[in-house]
Amino acid sequence: MRYKITVEYNGSSFSGWQKQQHSANSIQEKIENAIFNFSGEKIALYCGGRTDAGVHALGQVAHFDMEKECELYRIRNAINYHLKSIPIVVLNAEVVDDAFHARFSAKKRYYEYRIVNRYAPAALETGYVWQVFSPLDVNIMREAAKHLLGKHDLSSFRSKDCHAANPIRTIDDIDIVQNGNHIHIKISAISFLHNQVRIIAGTLVEFGKNRTNPQEMLHILSQCKRSAAGVTAPPFGLYLVKIDY
């Protein structure tokens with residue numbers, strides 16, 4: 001039977017979602033071990049969005065196949081019991097069709113990048129936001145972001161380690177919400193290149209700091225090279241919010 005779980009986690013202390021050969025500190029491995037501890041079955045867990053080290057999730061989605069049949073609330077509670085000392089929580093579990101795949105069945109992924117824009121240290125949010133000390137012009141950031149909407153070659157906004165064969169992606173929505181000194185960059189698309197959201201966030205911050213002409217974003221896009229865009233924002237400000245199916 002195939003089960004789908006929705007997962008929330010604090011990514012600060014993990015090596016990322018995906019299992020790694022020389023590390024036992026991935027989120028995937030922690031959940032697989034928790035499932036084994038209550039079911040006795042060695043399962044393979046597949047996720048909807050592979051987050052890097054330090055990245056958080058409010059609504060990661062994963063699936064696994066298990067022979068043992070359990071009531072859904074028991075699956076959720078049993079996994080959480082075996083994760084109780086770890087900042088990973090299963091929010092809910094459901095049975096899905098065998099054709100469902102957490103990665104390949106996804107129709108849209110939603111990310112949010114969180115910034116605190118003030119000079120005084122963000123004592124209560126360290127590790128959960130990127131603190132930018134210089135004042136940001138959010139209106140310029142919004143105007144620059146509009147040029148990223150739609151279908152583009154996003155080679156300027158992917159890491160040098162990105163292995164995607166095709167750099168063309170379609171950004172469905174990008175919105176920048178300001179509440180006092182908190183700035184959230186919200187972005188959604190069916191798929192993303194490696195580090196795409198973090199590089200976009202870093203680039204938009206540079207626009208906001210330097211009061212750069214928003215039209216300059218078109219030049220960055222046209223260059224199709226990583227060096228044209230801004231810095232890669234730190235991982236701890238990034239959240240995988242949810243995935244639509």
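Cβ atoms here come from the backbone N, Cα and C positions, even for glycine.
Note: ASP52 (active site, nucleophile) has non-local neighbours GLY11, GLY16, TRP17, ASN195, PRO235, i.e. same-chain residues 6+ apart with C-beta under 8 A of its own C-beta. Look at ASP52 (active site, nucleophile): DSSP puts it in a strand. Under the heading active site, nucleophile, Swiss-Prot lists ASP52.
Counting only residues at least six positions away in the same chain, the Cβ atoms of LYS186, ILE187, SER188, PHE192, VAL197, LEU238, TYR239, LEU240, VAL241 sit under 8 Å from the Cβ of TYR111 (substrate binding site). Annotation source Swiss-Prot lists substrate binding site at TYR111.
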